[in-house]
Every structure is written in structure tokens, then in C-alpha cells.
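Input: a single structure, listed below in C-alpha cells.
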Amino acid sequence: MEQAKARSDKNHDPRPQHEDEVGDVPRVRNLLLRSMCAVYLMAFVSFYCQAEGLYGDGGILPASRILANGTLKERLSLLQLAPFVGLGHGHEAIDLLCLVGATVAFLGLISRAHCRLLSFIVMWSVYFSLVQIAQSFRQQADHLLLEAGFLCILLAPTRLTDRRHPMEAIALLLLKWLVFRFMFASGSVKLASGCPLWWSLDGLKRHYETMPLPTSYSWYTYQLPDVFHRLSTIYVYLSELVVPWLFFAPSRTVRRFAVWWHVFLHLNIIGCGNYGFLSPLVLTLLVALLDDEDELVVWVQDRLAVDDTRRRAGRGRTAARQTNSTDDSADRYGGRLVKAISLLMVVGSWLCFSVGVSKDDGQLTFQPTFTQDQYLNVMQTMIRAAPLLVFVLLVKQFLKLLSSQDSVGSLAEGMRQFSKNLGLLISTIVAFTVFFMSIVPHSRLLPSTAVTSPVMTRAYGGLHSLYVVNQYGRHLTKMRPMRREIILEYGDELNGTWHEYGFQYKPWTVERAASLPYGWLHFPRFDFKFYDAAGSKSDAQKWIYPLVQRLLDHQQPVLDLLDSRHVPAEAPRYVRTSLYRFAYTSFADAAAGGFWTRERLTDYFNVFSREDAHLRDKLRQMNFRTAAEQSSSGGGSWNWLLRWLLDAVRRFVGAIEGSYLLIGLFVAAGMVLYTQQQQQQQRVGQST
């Protein structure tokens with residue numbers, strides 16, 4: 001009775017309840033969700049920019065092929081609902097999904113009122129539907145975004161409230177586990193593959209030359225001395241094999257050290273390669289390592305909060321400072337731990353790679369002091385230990401969740417508590433299921449640690465089909481000995497002059513102005529795919545057959561994927577694909593020429609024409625229809641008004657390059673936030 005009376009007195013207390021909650025504002029949650037909206041915006045806009053040329057009816061791999069003839073898992077997409085709004089399965093339906101997702105993401109970025117559970121369910125569902133039709137152009141960044149987006153569904157608040165909810169700590173821990181898995185997998189496979197370049201510490205220098213879409217930053221970095229590259233390779237090993245363990249440190253100072261370590265790493269990755277939203281997504285996940293009282297988090301929250309939350313935070317600044325000072329006193333040894341960890345990493349690197357000085361030229365020398373078998377034994381222990389550590393932390397958070405539940409004082413309160421606990425029960429089961437299934441891909445980093453339980457593998461296969469849990473680390477296993485590039489060429493005579501199609505983002509010419517373009521936050525998956533194709537056999541890249549057919553048909557959506565300055569005015573009679581070897585120039589050579597030298601190696605595909613029997617057989621095997629067959633089939637698109645609106649938007653947006661479009665959207669979001677702050681300050685000034 002006394003407890004019920006105390007709760008009743010608290011509920012009828014005329015003082016604002018938020019005064020007791022000011023120091024407990026979930027700033028990390030709010031910042032992470034807003035940042036995820038920004039990443040979703042990059043992904044949707046990037047997909048939209050190339051969707052018509054890749055997946056439209058006149059594109060390389062039309063989505064209608066999958067939606068009509070694919071497996072049940074492949075056909076699971078919101079695009080199946082397109083005929084109900086009169087759009088069919090053409091590019092208009094894809095455009096509609098992209099625009100819906102981008103709109104929800106933009107609203108969540110500029111307003112916390114739209115950054116909640118329903119928004120993240122919509123964004124995840126829409127992007128999952130788009131990835132379902134990505135086919136050969138699906139990339140690792142798509143998998144990471146869908147897995148992170150699903151965990152954000154557990155993290156996002158249901159109602160417009162700034163209070164915490166019980167699942168927050170568990171969801172943040174799973175996000176830490178996700179970024180740990182991604183970084184650790186990226187590092188463990190390098191030395192485990194036995195690639196001599198990674199063992200000699202020359203892999204990073206070769207990576208600057210052979211990465212998918214290099215930039216001029218990578219060319220300048222490539223020119224630095226070999227000692228710098230070998231030290232940088234050691235830095236990468238520390239970043240991916242050692243520092244991720246600090247993500248779970250109880251010390252806030254140690255976790256902040258790990259965050260800034262990886263911020264420096266990924267800023268360099270953004271500068272040297274056009275990886276689109278991949279590095280911004282990793283940086284967003286790193287926000288989960290911070291605390292609500294971190295200075296950076298508080299600073300960003302104060303500038304993003306434009307409602308009464310900001311005023312409450314201002315009134316409760318004293319309480320926040322008291323909480324902060326308490327945490328600082330509890331973490332007073334954090335600075336010493338960081339210094340000790342840094343010293344251990346320096347000494348460990350010195351011992352593991354036998355750093356010395358050459359007698360000939362006085363340069364630093366490096367030689368691993370451990371064998372591959374010793375490395376694999378250590379990796380086995382680390383791979384097995386990581387899930388155990390996270391499981392212990394998950395159980396600890398779950399016990400805290402149970403202990404935080406309120407006691408029941410009446411039947412009405414019992415019903416409300418039961419409904420709340422039912423939602424918590426479902427969320428907790430989902431969270432633990434995702435964690436246990438993530439152990440399967442994590443264990444596959446080495447064959448000796450792989451989980452062989454058929455129950456676990458089947459369950460993982462089901463979640464992986466939804467991209468809720470995925471495997472990472474398959475890239476950069478073995479460095480390519482040279483850079484090969486596929487060049488598309490066209491001509492009107494077999495023995496005549498061959499001309500080259502130009503590309504917007506991938507290297508194809510030695511001209512300095514066009515050979516190393518920046519895509520920044522835009523992810524050009526069409527250009528990116530040529531990197532995979534150049535490193536494999538031609539038979540494994542079946543998407544090139546439809547590409548050649550579209551070029552022979554002179555289909556404008558596909559031509560828009562290329563550099564318009566290097567596209568023929570009319571349809572060519574012949575198209576061929578050549579394989580070239582590209583190599584960086586030196587400083588001296590670049591002064592007189594460009595960033596690249598190139599040499600033609602061989603034909604990647606034979607010469608094709610419209611009447612080529614081999615091409616028609618390949619297209620028939622893929623159930624691919626030509627432009628004439630596609631147009632004659634109709635499609636049931638009866639909503640002419642919506643189609644007109646979507647085509648008008650595409651014509652307007654198509655005139656803007658993808659990276660500039662994204663920059664413009666983020667500038668617009670910044671202006672909206674700034675305007676909201678100014679209006680809020682004016683209202684506060686008038687009220688006082």
C-alpha cells in the first residue's frame with residue numbers, strides 16, 4: 001500500500017517529472033538513430049541514381065525477371081505490390097520505393113519526431129525490397145546496412161519520447177558486436193589467407209593501386225616511401241585485430257580511444273576509395289561505444305535538439321555535470337589504461353614484426369616473428385572467445401532489465417505491465433536469436449572454428465536470406481598481383497577503328513582529369529561491379545551479356561550509366577570487351593601525363609553483334625528479353641499520373657551527378673536544422 005501511495009503521489013506531483021530525467025537523456029541513442037537516417041539517405045539516393053539503367057525494363061538486369069521467375073525468397077519484395085498502384089514492375093515502381101525511403105530518411109535526419117520505430121521499419125523494409133532485386137550488383141555494404149538497420153528497429157523508440165526504454169542497452173551492445181564482427185573479420189582473413197603481400201607488409205601499398213574505385217588521394221598515398229606503407233599495414237592490423245576488443249571495455253576513456261582510432265582509419269578510407277556509405281555506416285555504429293555524457297555527444301545533441309528537450313537539458317545542466325563528475329571519478333584510471341594499452345601495442349608490434357634498421361640504407365625493416373600456424377592458433381582462441389564475452393555482457397544487461405521492472409500495485413497496472421513485458425519478451429527473444437545466429441558466420445572465419453550444427457546453420461540460413469545476419473571479411477583476402485580493367489569498345493567494322501565507352505567513376509583512361517574521379521558518399525554500384533568482373537573469369541560474369549545487348553540496342557537508361565562525353569550518337573554494329581593492365585605512374589611521369597599507364601592484355605569477351613548466335617543463346621538461358629520483346633509485352637502500368645510524376649522527378653534529378661545530389665541534400669538538411677534552431681531561440685527569447 002505504501003508503495004502504491006508513493007507511486008500515486010509521484011504521478012500527481014505538480015512538478016515536471018522530466019526534472020528527474022534530465023540527466024538520463026538517451027543522447028547516444030538519438031545521435032545514432034539520426035546518423036542511421038543519414039546513411040539510409042545515402043543508400044536510397046545512390047540506388048535511385050542508377051536504378052533505371054540497372055533494373056528497369058530497359059536496364060541490364062530488369063527487376064521483372066526476379067519478381068516473375070525468381071525463387072520465393074527472391075520474390076519477397078514490396079515491389080510485388082506495384083501492380084496494385086498501377087506501376088507494374090518497371091523502373092517507376094523502383095523509383096517510388098527509393099523516393100519513399102529517401103523521404104523517410106530525410107525527415108528522420110532533420111527531426112527527432114520522425115526518428116522512431118515506424119520510420120525504421122519502413123526504411124528497412126523498403127531497402128530490403130531494393131536489395132532483393134540487386135542481383136549481381138549486390139554488395140557487402142548492403143548486407144551491413146540491413147543488419148544494422150534491423151538492430152536499430154530494436155533500438156528506436158515507439159512513441160515520441162526522449163526517455164529510455166529497457167531494450168536500449170541490449171540493442172546498443174548488439175550494434176557493438178556487429179561493428180566488432182565486421183572489423184575483426186576484415187583483419188583476420190588477411191594473414192589467414194597466406195597472401196605473401198600481407199605477410200611482407202606490402203599489401204596496403206598494393207591495395208592503393210588495386211582497390212575497386214581509387215581516388216587521387218590513393219595515388220598520392222601510393223607515392224610515399226615503403227616504410228610508411230609497412231607501418232600503415234601494422235596500423236591496419238592493430239585497427240582490425242586489437243582495437244575492436246576495446247569496444248567492450250568498461251572504461252569510457254578506453255572506448256573513446258577506440259572510437260577516435262577508427263575515425264582516423266575510416267576518414268582515410270573515405271578519402272582514398274569510393275566506397276559510398278560503407279565507412280559512414282561503420283562510423284555511425286561506432287557511436288554505440290560512446291556514453292550519453294561524452295562531450296561530443298552532448299555537443300551534437302544540443303545542436304540537434306530543437307524542441308523542449310533542449311530547454312529541459314539546459315535546466316538540468318547541473319545534474320548532468322554531477323553525473324559526469326561521478327563517472328569521471330569512477331573512470332579516473334582510464335587515461336592511464338589508454339597509455340598502457342598504447343605502449344603495449346607499440347611494444348607488441350615491435351616484437352611481432354621484428355622492427356629493425358637496415359645496415360645498407362638505414363631504413364626500417366620488418367619481418368614477422370610468428371608463423372602462419374601460430375597465427376591461426378591465436379585466431380582460433382580469439383574467434384571462440386569473442387562470442388563468450390558478448391554473451392556474458394548480454395546476460396548482464398538482461399539481468400539489469402529484469403531488475404528494473406516495476407512491481408504491480410493493481411489489476412489495471414498489472415495489465416499495462418503485462419502488455420509492456422510482452423513486448424519486452426518478444427524483443428529480448430529476437431535480440432538473443434540474432435546474437436546466437438551471428439556466431440555462425442563469425443565462426444566461419446576459419447575452417448577449424450566453423451559451427452557444424454545443422455540446426456544452427458539452417459536457422460542462420462533463414463535469417464541470412466532476410467539479411468538480418470550476414471558474413472563479412474571476404475574482401476581483401478588475397479591481393480591482386482596487378483590491376484586489370486575491363487574496357488568497353490564499339491565500332492562499325494570488325495577491322496576498323498575501335499572507340500571506347502567512357503565511365504563516370506572507374507578507371508578507364510590515362511587522362512588525368514577523368515581517371516581518378518571522386519564519388520564521395522555516392523555509391524556507384526555499376527562501376528564498382530567491374531572490379532569484381534576484372535578479377536574473375538568471363539563466364540562468371542553473366543550480367544555482361546545483357547550489358548552488351550543493351551549497348552547494341554543503344555538503350556538510353558544503360559547509356560546514362562556511362563560518361564555521356566564518350567558514348568556514340570547512334571547504335572554501333574559491334575561491341576567488344578578488352579582487358580587492360582593499369583599501373584600507377586610515378587611523380588615524374590605524372591607531371592607529363594596522368595595517374596595511370598595502361599597496356600592491353602587480351603579480349604575479355606569476343607566481338608558481339610545483334611545477330612550473334614552465342615549472345616542470343618546466353619540471353620535466352622538468362623530469360624532475358626530484348627528491348628523489342630520488352631516493349632511488346634506491355635506491363636499493366638495504368639496509373640499514368642503517378643508515372644508522369646515519377647518520370648518528371650527522374651528527369652530533374654538525372655541532370656545532377658549522384659555525389660552532388662547527396663551533398664545538396666545534406667546541405668539542405670543542415671539549413672533546415674539551423675532554421676529550426678533559430679526559430680526555437682526566438683521563441684525562448686520571447687517567452688522569457
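Backbone N, Cα and C atoms are what each Cβ position is placed from, and that goes for glycine too.
Bear in mind that TrEMBL entries carry predicted annotations, made automatically and left uncurated.
The feature domain 'Lipase maturation factor 1/2 N-terminal' is assigned by TrEMBL to 139-293. Here TrEMBL flags 468-605 as domain 'Lipase maturation factor 1/2 C-terminal'. Residues annotated as transmembrane segment in TrEMBL: 31-48, 93-110, 117-137, 173-199, 227-248, 260-290, 337-357, 422-440, 652-674.
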Worksheet item: What is the three-state DSSP composition of the domain 'Lipase maturation factor 1/2 C-terminal' (468-605), stated as helix, strand and coil residue counts?
Response: 40 helix, 36 strand, 62 coil
Worksheet item: Do at least three CB pairs under 8 A connect the transmembrane segment (652-674) and the transmembrane segment (93-110), leaving out pairs fewer than 6 apart in sequence?
Response: yes
Fill in: Region pair the transmembrane segment (173-199) / the transmembrane segment (260-290), three or more CB pairs under 8 Å
yes
Worksheet, complete the sentence: On the domain 'Lipase maturation factor 1/2 C-terminal' (468-605), the mean of the pLDDT values is 90
Worksheet item: Taking a Cβ cut-off under 8 Å, which residues six or more beyond the ends of the transmembrane segment (260-290) line up next to it in the same chain?
Response: 28, 31-32, 35-36, 38-39, 42-43, 46, 140-141, 144-145, 148, 172-173, 175-176, 178-179, 182-183, 208, 211-215, 217-218, 221, 235-236, 239, 243, 247, 252, 296-297, 505, 517-524, 528
Fill in: Chain residues in Cβ proximity to the transmembrane segment (227-248) (below 8 Å; excluding those fewer than six residues from its ends, i.e. six or more beyond)
176, 179-180, 183-184, 186-188, 190-191, 198, 201-205, 254-255, 257-258, 261-262, 265, 289, 341, 345, 348-349, 353, 363-364, 366, 382, 389-390, 393
Practice prompt. For the transmembrane segment (337-357), find every same-chain residue at least 6 residues outside the stretch whose CB is under 8 Å from a CB in it, and list them.
Written response: 201, 234, 238, 242, 246, 249, 251, 253-254, 257, 363-370
